[in-house]
Protein chains: 2
Amino acid sequence: MTYKTDIEIARDAQKRPIQEIGAKLGIGAEDLLPYGHDKAKVSQSFINSVQDRPNGKLVLVTAINPTPAGEGKTTTTVGLGDGLNRIGKKAAICIREASLGPNFGMKGGAAGGGLAQVVPMEDMNLHFTGDFHAITSAHNLLSAMIDNHIYWGNELEIDIRRIVWRRVLDMNDRALRQITASLGGVANGFPRETGFDITVASEVMAILCLARDLADLQERLGNMIVAYRRDRSPVFCRDIKADGAMTVLLKDAMQPNLVQTLENNPAFVHGGPFANIAHGCNSVTATTTALKIADYVVTEAGFGADLGAEKFMNIKCRKAGLAPDAVVLVATVRAMKMNGGVAKADLGEENVAAVEAGCPNLGRHLANLKSFGVPVVVAINHFVTDTEAEVKAVQDYIAAQGAEAIECRHWAMGSEGIEDLARKVVELAEGGTSAFAPLYPDDMPLMKKVETIAKRIYHADAVLADKSVRNQLAAWEEQGYGHLPICMAKTQYSFSTDPNLRGAPTGHSVPIREVRLSAGAGFVVVICGEIMTMPGLPRIPSAESIRLNDDGQIEGLF
Amino acid sequence: MTYKTDIEIARDAQKRPIQEIGAKLGIGAEDLLPYGHDKAKVSQSFINSVQDRPNGKLVLVTAINPTPAGEGKTTTTVGLGDGLNRIGKKAAICIREASLGPNFGMKGGAAGGGLAQVVPMEDMNLHFTGDFHAITSAHNLLSAMIDNHIYWGNELEIDIRRIVWRRVLDMNDRALRQITASLGGVANGFPRETGFDITVASEVMAILCLARDLADLQERLGNMIVAYRRDRSPVFCRDIKADGAMTVLLKDAMQPNLVQTLENNPAFVHGGPFANIAHGCNSVTATTTALKIADYVVTEAGFGADLGAEKFMNIKCRKAGLAPDAVVLVATVRAMKMNGGVAKADLGEENVAAVEAGCPNLGRHLANLKSFGVPVVVAINHFVTDTEAEVKAVQDYIAAQGAEAIECRHWAMGSEGIEDLARKVVELAEGGTSAFAPLYPDDMPLMKKVETIAKRIYHADAVLADKSVRNQLAAWEEQGYGHLPICMAKTQYSFSTDPNLRGAPTGHSVPIREVRLSAGAGFVVVICGEIMTMPGLPRIPSAESIRLNDDGQIEGLF
């Protein structure tokens, strides 16, 4: 059997006009702001009109620590949405938007895969509805206004050595990581060091994804700290008077984008914050809107459950007043084998012992997720080389942990291949067993919150932090930021801070390198290891082979 | 009598769905790619389908040298389009898109004014359909790929001191005019000086506006010179292999945008190159498409006729094979008075003598335009303080030059106020008297072309150029660029290079400061004076007062 590639499948998609997709959720054509015939934004007035409705069920899809074998988290999210629709539930999915820049480095990303994809794939990987461009503009307007303020006299007494607000571009451009700006003489300002991050790393992105509405957006933008004075007192975005104009630039970007799956079911694709220095979830507005108009909303969080689900629970759910009714933990036999020590080249061989040896990584994520008080089911995302014995090994392991692991074939079969998981999710969500609670209360001291995550989620023995880090956290507590949740930035490849430590390590410690305050987004970023906020291009960037073919189709992007 | 502000009028606009506007030109709903309910791009397949049709009549609206009094060129363009529709002609207008960045510096720009406006004004002054963002992305992808090429070994042997391709942002940000990039060590590349221009100054913008189709776009992008080697040989965009991916990024941006006037007539708003270092006209694709589906296409060119119309004729018409059937030269009594020496504060007083003293500026533009072989009519854009005697003074002056000056009241009255001009334009265009020819042939030497423009259009005595400039022009001729037209970059406020020299100066000379080759756009830029390609923000940027009001409307942008 030969399979079509993702892009071939996507190109063959029998897309329905976006108005038909909206109608499935009761959104009238007048409340859809179309972008072409297959994309639309949902109007603010419609969003306002549904606020008093009860919420549907919220399902989080998360995964084990990612391996080079691939787990298929987004594919499963899309497949489950289709599966729920197949068994008669009005379901919508909520996923993140793709960043433009990285597509020109490595081969670009689809939204899902196989028969579980969201379309139009090309648009979603290019400019889509312009949300990220709006974020870039809003971010850089603030940057320009800061330097402009200094140029015209610096009434706020900003210390130009302590400006923490950089600039952004949605481009992989290592040359901009560190620059000296305002060179060239008096007319160009005061020379100073600064640099660019990629747009998805902007605090504006995190804020857009956490803000409840435009008023909340402006409030949060105003709260951002952009610089410090010589006396270390903070200068806020509000002091620069940029928050109003930034909100105007972000007005349309705040409205969720509606597209469709290959099976013509509704998919909200909105927001895309970094999953390390930010919380890595799609927008609150998309999720809360979808919950008002769908019976089931299936969403996902970035990276593995130790980072993504933890932040989904402790940041997004806490801030937005959400509670997941069920969690799907995605694993693959191949990934279990890699956790069990098998090299990528040997993944095609049956190896039940390696599967069993890798299962503890899955088991720990399962236990962690349960500790949030939510019912969890494991999805084994089927791959063609999986053997029955290998699948059974995973299922037996999970059964021994008191849960169920269900094999899913949505990649090859679409919704038909994921009916069992859909039924199980409905059983869990409607069983009323969810008793969700975040891992730590707001009023726990910041350092204690970090330790709670490190011990309860990472199963580390200790958190290591210099005095300067501890002092900084204490200072923020004094300044009134002690109630904020923690946003951990560590490797996604391990429970520990060592990317090579697979499985379910114990006895490790979590060294904190640096802490940052995202006062607008509303979290404290705790950085454990190298975090790259501006990627570079590889030796042969995929851009070199991206082009339009003679039929006007895009080649080389996927 | 009190008048509403432009923004109040625009907000009260009775917009029709964009599909209705498209239908007026025979564009079916399936061939309109909507952006919201009031904006759309015209599909490439529709554009392809009308190529064999005959062209409608092309009318250029240009103006005297701009004064602080304002002339109302765009207002007249919009009004004339409405006026032609009013008298039964199927007319469309073609104007440029607005740049986002400058709106956050000074109060932003409307598209037209009074009852002669294009809507939706807010969107057009913000992200619109994302064309400029696409240009920013495409430009900066090339920038990143150049530095990336050097980082990975510099196989092309680029001299990092001679990289001429900078970066762009659609933002007024003086801090980025001159920077040192690639700082921070080995992983970030080789430190070098560079900087950012505003997006509208990008050669990519000029190319988008001159390209006939996507294949031509890619060809021109590939032709751009991005750097030189130590032996001074050029390195092209094509060598960097960025042209294909840039074309993919610009695919949608190449499709003309359709919006509407306040009177619900079709308006194409597409492209917006700088009017000094580029040619300052809307896109060739918009103009040529409009000509296939409308009886009359009214378009405009940047700045006064000495710069804008000259480039429209010698660059855009030459390259696109267009020929204007009639030209409208816009003037105001107030501007005549300023040319006649009256200060702005005193413009409200009747002063016939000053009007007469200022008329030679208008007269010279009229004579210049006639020298292209096209019939010309003068439009006196009425202002409330104009007196009958003042208007008559202009009309008498123009009559003595063998032309007609028609008073227009479209600002206050809409199409009803501009019927006379519309009828005159039809008379001229259908009179068949146009015998358009560019000012100089392709095969004239570059320096001779500059002299031709300087003497015939600016009425200067001489062109002053250093040996280095002359050598550079000669070198380009040897390299095969001698056939290119000239793109003059000089002050728009005077026929001369001295912005304070109003009226119709003689005896002046044109000193060339610098020449630049835009090998992709296909012209040689001749710079006479300071040209700012990255504006700064003023002491109190308008961004400080731009915000959403309680009704969700944008305040402070206009």
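Each Cβ is built from the backbone N, Cα and C atoms, and glycine gets one as well.
TrEMBL lists A:Thr67, A:Pro68, A:Ala69, A:Gly70, A:Glu71, A:Gly72, A:Lys73, A:Thr74 with the feature ATP binding site.
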Relative to the Cβ of A:Glu71 (ATP binding site), which residues of the same chain, six or more apart in sequence, are found under 8 Å away?
A:Ala63, A:Ile64, A:Val330, A:Ala331, A:Thr332, A:Ala335, A:Asn381
When a 10 Å sphere is centred on the Cβ of A:Thr67 (ATP binding site), how many other Cβ atoms does it contain?
22
Using a Cβ-Cβ cut-off under 8 angstroms and a sequence gap of six or more, which residues of the chain neighbour A:Pro68 (ATP binding site)?
A:Met338, A:Lys344
So which of the binding-site residues is most packed in, judged by how many other Cβ atoms lie within 10 Å of its Cβ, out of A:Gly70, A:Gly72?
A:Gly72
Are there any residues at least 6 positions away along the chain from A:Thr74 (ATP binding site) with a Cβ closer than 8 Å to its Cβ? List them or say none.
A:Ile95, A:Ala111, A:Gly112, A:Gly113, A:Glu300
Give the number of CB atoms, excluding that of A:Ala69 (ATP binding site) itself, located within 10 Å of its CB.
18
When DSSP states are folded down to helix, strand and coil, where does A:Gly70 (ATP binding site) land?
coil
Within the chain of A:Lys73 (ATP binding site), which residues six or more apart in sequence place their C-beta under 8 angstroms from its C-beta?
A:Val61, A:Thr62, A:Ala63, A:Glu300, A:Val330
